[in-house]
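> Here it is, the structure in full.
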Amino acid sequence: MSSSRPVFRSRWLPYLLVAPQLIITVIFFIWPAGEALWYSLQSVDPFGFSSQFVGLDNFVALFHDSYYIDSFWTTIKFSTFVTVSGLLVSLFFAALVEYIVRGSRFYQTLMLLPYAVAPAVAAVLWIFLFNPGRGLITHFLAEFGYDWNHAQNSGQAMFLVVFASVWKQISYNFLFFYAALQSIPRSLIEAAAIDGVGPIRRFFKIALPLIAPVSFFLLVVNLVYAFFDTFPVIDAATSGGPVQAITTLIYKIYREGFTGLDLASSAAQSVVLMFLVIVLTVVQFRYVESKVRYQ
C-alpha cells in the first residue's frame, strides 16, 4: 500500500511556516552564542567599546583561576544534589499515587502546584521559612538545639538552595514519572502480584526498568535545570554566598559580566558552560535514545 506525500501548492509556504521559529532561534540562540564565542577570544574594555584579539588567553587564565575552579566543583556538587534528590523524591511521590485511594486527584493537583511558582518566588518562600530570626522552620530547629543561619554557614546555605531548587522541580519530574508509571501494562503488575511478588520488589524488578527511558531523559533535563534555571534561586536566597560557597558557573558568569564588567572572562565562561550543555545533549541523543532497550 503506497501513500502519497503531501505537496504544498507554493514552494515558499514551508519556509514561511518555519521562518518565525528560525528567526527566534537566530536572535536568541545562535547570535548570542556567536557573540560569546567572539568576545571570549578578545580583550574587551568594561564598556565594550574597544577590543583586542588575544586568542585563547582568556581560557588559559580561566583555568588558572582558583575561584573559577572552585565554582566549577561547586556546580558539580550542587547539580548532583539537585538532580539526584529531585529524581528520587519525585519518583517516590509518583509511586505513592497507586496506594492513595481517597483524595488522589487532590494529591496530584497538590504535587503540580510548585511548577506554577517562579524560581525567585520559591527562593523567597523558603527564605521566610528558614529565616534565622523569625522563620517557622528555624523556630522548630531551635527547639531541638540546632542553630540555623545560612548567611554564615556554607553548608546550611547549600542545603537551602538545593532544597528550594528541588521543591521547584518536583512537579515537572512527578508529571513525567506519573505518566510513565501509568503507562505500564497492569497485567504485568497483577501477574507478579499473583506470583507472590511484593510491592517493593515489583517496583524495582518491573516498574523501574520499564520507565528507564523517562528516567534518563529526566536525568539530562534536571542537570540542565541545575546548571541554568537555578540562578534565580541562588541569587534570591544567598547571592552566591557566604564567601562564594554557592557560586555556581552560571552565577559566576553573571557576577563577572554584569557586576564586575569583565566581558571577556564572562564570555569565556559562557562558552565553557555551553560546551558542557552540548555534551549533555549529545549524551541524551546518543546514549538515552539508542542504548535503552526493552528485552
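A Cβ is built for glycine as well, from the same backbone N, Cα and C atoms used for every other residue.
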> Are A33 and I189 on one side of the membrane according to Swiss-Prot?
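I189 and A33, as annotated in Swiss-Prot, occupy opposite sides of the membrane (different topological domains).
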> So which of 12-32, 81-101, 157-177, 208-228 has the most C-beta pairs under 8 Å when paired with the transmembrane segment (263-283)?
208-228
> For the topological domain 'Periplasmic' (131-156), what is the mean per-residue pLDDT, to the nearest integer?
89
